[in-house]
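Straight from Swiss-Prot, the features:
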- ASN28, LEU30, GLY55, GLU77, ASP103, ASN123: S-adenosyl-L-methionine binding site (BINDING)
Amino acid sequence: MAALDGLPPLRDVIQRHGLDARKALGQNFLLDLNLTQKVARTAGALEETTVFEVGPGPGGLTRAILALGAKKVIAVERDARCLPALAEIADHYPGRLEVIEGDALKTDFEALAPEGPVKIIANLPYNVGTQLLVNWLLPKAWPPFWQSLTLMFQKEVGERIVAGEDDDHYGRLGVLCGWRTDARMAFDVPPQAFTPPPKVTSTVVHLLPRENPVQCAVANLEKVTQAAFGQRRKMLRQSLKPLGGESLLVKAGIDPARRAETLSVEEFCLLANNL
């Protein structure tokens, strides 16, 4: 990659700017530029596309996205120590990298989105990754402002994202992702690819928005999944008691003796629509 974009190796960048990944910020820097290119390629063609990135750190993934031809990258970085390293990348790619210093959880990405196609590609900080994904899945207007999400998570979170019914990993996150997206795990990334190495394997997940998801009120779906999976080993007649229990299930045509992990996304939407 250094040969491709003419920028110095990431290890040199980190040493020169005194960057150490901080646990409090959920940081693990991905330094293998072959891997950052693999992540960026998972998002598909990037020409004429604006890419949002969260937590770019020293900019390894940022460089890969730009080298693969993205029209522009808008990167949200909370750690001010990383800004000088990102400024060097911005100088190398004039007009194509905008860095916003701030908290991604408080950032209105839709308001920042320009006209034209938008993709989100990120090695998400572990401590905010799941909440960011949920935020991107919950807008009332659908299809959303983004064309795809290509995101790195701890593998256990990735398994929850893609899980369907009768899977041990199936839960509220799997229902939400299955309702509004077609999600797949693309590839795993071993701990030694990062600095410092996390204790767990990571995985890259690629999500595409469903054009016509089942009509369902988000707030009701949240209530139903929270109650059902909050007591996942109990029969639904018991776990859904606060929401109507057996009468709700009968109205939706669902056997009250079933358990949460056996319900499809469509059946959860049916329950939500009968609340």
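A Cβ is built for glycine as well, from the same backbone N, Cα and C atoms used for every other residue.
Model, not experiment: these values are computed from the prediction.
Sequence features annotated in Swiss-Prot and their locations in the structure.
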| residue | record | DSSP class |
| --- | --- | --- |
| ASN28 | S-adenosyl-L-methionine binding site | coil |
| GLY55 | S-adenosyl-L-methionine binding site | coil |
| GLU77 | S-adenosyl-L-methionine binding site | strand |
| ASP103 | S-adenosyl-L-methionine binding site | coil |
| ASN123 | S-adenosyl-L-methionine binding site | strand |
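Of all residue pairs in ASN28, LEU30, GLY55, GLU77, ASP103, ASN123, the annotated binders of S-adenosyl-L-methionine, the farthest apart have Cα atoms separated by 20 Å. When other Cβ atoms within 10 Å of the Cβ of GLU77 (S-adenosyl-L-methionine binding site) are tallied across all protein chains shown, the result is 24. Take the CB of ASN123 (S-adenosyl-L-methionine binding site) and look out to 10 A: across all protein chains shown you find 27 other CB atoms.
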